[in-house]
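A quick write-up on the structure given underneath.
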Amino acid sequence: MQELKDKIKQYGTVLPGNVLKVDAFLNHQVDPELMYHVGQEFAKHFAGRGITKIWTVESSGIAPAVMTGLAMHLPVIFARKHKSLTLNSDMYTADVYSYTKKTTNRISISKKYVDQNDKVLLIDDFLANGQAVEGMMEIADQAGIEVAGAGIVITKTFQPGANELRDKGVEVYSLAKVKSLDNGQVTFDTDD
Ligand code: G4P
Ligand code: NA
Ligand code: NA
């Protein structure tokens, strides 16, 4: 998605540890027009597949997920994050380890908002090691429902998440694929 890559080039900065900072339009300040186009792009790609709901994880996945829900006329559920939680039988839960932050969060989705015939589209802002998407897949598995695929705003293809998800049979559709952040430079895959 050229508009997104242009924003990354213009506003993105590279931090130590292969982190791409995009606080100017995605992770802190949000560019609603760009997010609207992101939602339309995901909606176009995943149209006609019988998707019933959009799932994401709070907090940075919410903006692109809501815009996708708007474009597809579908409800959006964001998994809640907690440091630790007493077991609650009304929730599906999965543990998500963050390699970047070296912490484990338990994510949860209320059973109240999951139907047996759901087919969910997973949306997230970044795909790096794939732990957030895998956590949502674990919840879908527990609920016995189908995952239609994953729509990712920015995928770091030099980290293992995207390939690991594809190996598990999940379609990953990324709007910007970053193949390197070496020397403070953002390099995109040529095929996106
Ligand atoms: P992953 O396995 O889910 O792919 O992510 P990882 O543990 O590597 O990273 C943990 C958090 O850092 C995630 O956000 C993820 O989206 C974010 N992240 C990973 N790489 C980058 C990057 O290069 N740039 C930015 N800006 N973020 C990155 P989170 O903890 O779920 O936080 P949030 O959704 O509340 O922002
Ligand atoms: Na995220
Ligand atoms: Na994030």
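Cβ coordinates come from backbone N, Cα and C, glycine included.
Any TrEMBL annotation is an automated prediction that lacks curation.
Summarising the annotation, TrEMBL assigns xanthine binding site to Leu20, Asn27, Lys156. There are 19 other Cβ atoms within 10 Å of the Cβ belonging to Leu20 (xanthine binding site). Annotation note: Leu20 (xanthine binding site) sits in a strand segment as assigned by DSSP.
According to TrEMBL, the 5-phospho-alpha-D-ribose 1-diphosphate binding site annotation covers Ala128, Asn129, Gly130, Gln131, Ala132. Same-chain residues at least 6 positions away in sequence with a Cβ under 8 Å from that of Gln131 (5-phospho-alpha-D-ribose 1-diphosphate binding site) are, in sequence order, Val96, Tyr97, Ser98, Tyr99, Gly161. Taken residue by residue with DSSP, Gln131 (5-phospho-alpha-D-ribose 1-diphosphate binding site) is part of a helix.
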Rounded Cα separation (Å) that holds between Gly130 (5-phospho-alpha-D-ribose 1-diphosphate binding site) and Asn27 (xanthine binding site): 18
Cα-Cα distance, maximum over Leu20, Asn27, Lys156, record's xanthine binders, Å: 16
Least surrounded among the binding-site residues, given as Asn27, Asn129, when other CB atoms within 10 Å are counted: Asn27
Neighbouring binding-site residues, C-alpha within 10 angstroms of Lys156 (xanthine binding site) - of Ala128, Asn129, Ala132: Ala128, Asn129
Neighbourhood of Ala128 (5-phospho-alpha-D-ribose 1-diphosphate binding site) by C-beta distance under 8 A, where only residues 6 or more apart in the same chain count: Tyr99, Thr100, Lys156, Gln159, Gly161
